Every structure is written in C-alpha cells, then in structure tokens.
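Feature list (source: TrEMBL):
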BINDING   29, 85, 86, 87, 127, 141, 142, 220, 221  substrate binding site
MOD_RES   33  phosphoserine
BINDING   98, 123, 124, 253  Fe cation 1 binding site
BINDING   194, 220  Fe cation 2 binding site
C-alpha cells in the first residue's frame, strides 16, 4: 500500500536560494508562489503550532522503545518506495532512487570515504515514520529546537508560530529558553521528524559510523543552523567543528536529484557491503 506524503518542504521550498544559484545547480526547484507554496505553508503552520516540548518528549517516549519494526537497512530503503509524492501522483519515481542518487553523488566527490557514501543512502530512512501513521508535519520539513524562541531564519517564522503554546510559556519563550549558553546541540531537544528518529535508531542499534555521520543524519534538515547561521548561542565547539560536514552533505542532498535514474540493481551489492560493515543485520526501528 502506498502512503501519500507531500513534497518534503525542506527540498521543495528554499527561499534563501536565488534564481542564479538554483540555475547553476541544475534548475533546482525554488517555489515562490502557486499551489505548492500553499501546501508547504500549511505543513509548516501545523508543524510550528504542534511541535512543542511536550509533543517532542511524547514522541521520544513513543518511538524510544524501537519496537515499531524489525528490519535491515536495505528493507527500510525498499520501504521508502511505499511513500508517494501526493503533489504529483502520476510520476512513478521511487523515493529510494533519491537515496541512491545522493549516495552516488557523495561517492563521486569523496571516493575515499565509504562511510560518507552510506550516509547518503541512510539519510531519509527516518521517513518510514509516515508509514507508521505519523502526519507529514512530524516527519518532513526543516527542523528547529523546541524549548526556546524560534530564530529569524526559521522558515515562515513570523506567520506560523502564533498558536504554539510554548511561546506563551516564559520557560520556553526567550532566546535561550530552557537551555544554558553553549550547552551543545546534543543537549538540545529538536523538533520531531525523520532526522531525529533516524539518529536515535542509529544510536540504539550502535552503528559504527564516525561522529560526522551522526551529525549529518540528525541535522541535515536543521536549515536555520547550517544555512541560516542561527542558534549559535546553543552550540559547543564540537558542534561548530562538525558544521562544515553537515554543510558538505547538504550539497548532495539538495542537488543530486536529476532525471538520470541510477541503476539500483547494479549499485545494491556495493551498498550492501557498506551496510554489512557499519550497520549489519536486522535492526530495531
């Protein structure tokens, strides 16, 4: 059964990209008007209303037992094909192809870093949350810290947070909110979505990947940090040292979507070898 999940707002709507940059990157879509923008706005309105400290803690409790499913990484990759872009249901473009495209883009640019290739394959696997019945606003889109006031580069910040109860709570409505200065992002509660879920899956199943990989997975949708330059007041020196790696990954996530579909059957043995090296066997999701 296919589950409709709309265009990932993180990829569909990037207001900070100017037309020239988009053109240089192969005509990457930068929607500024029309029906897609309305749909994206609605997703963010729901997200920015519902994603609270209490909501995120409940999601950690709900999924933190990792009892949703037992499956291998490659089975999760195949599961992604059960997600269909509801904005364009006539295009049969399997979601797993983006995973392989991203991985192959990284492999070409960084042939010596096999762990980085695997991150390309893994990065969106948390979207299986949609198949577990989670709403789109709790799966995709840009992420942000809950428990403090949203900063300037959070998308649609000025028009979507007015109904979020945390912003009426003095504990959570200042620039630092419930955090200490430079506490480190590992101590920050991020909005719930596929990034955070996959990061937690990797930790629980003890993936033997380097710290850079965990940062890339957990923060690839944290655009206000890696692209907007915000939330520096929460960052440790370790976070700032890892930031260039997240930015390097982001190049491939955004710009490897192209009409040349990878020959997935030819690529599978190489990536299965990486899975066997870094995250083998049947995992708890």
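Each Cβ is built from the backbone N, Cα and C atoms, and glycine gets one as well.
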Do any of 98, 123, 124, 253 (binding-site residues) have a CA within 10 A of residue 142 (substrate binding site), and if so which? none
Taking only C-alpha atoms and a 10 A limit, tell me which of 98, 123, 127 are near residue 220 (Fe cation 2 binding site). These are the binding-site residues. 123
For residue 220 (Fe cation 2 binding site), the number of other Cβ atoms found within 10 Å of its own Cβ: 25
List the Cα distance (Å, whole number) between residue 253 (Fe cation 1 binding site) and residue 221 (substrate binding site). 10
Can you give me the same-chain residues 6 or more apart in sequence from residue 194 (Fe cation 2 binding site) with a CB-CB distance under 8 Å? 124, 125, 126, 127, 129, 139, 140, 221
Neighbourhood of the Fe cation 1 site (98, 123, 124, 253): other residues with Cβ within 8 Å of the Cβ centroid, in order? 99, 102, 120, 220
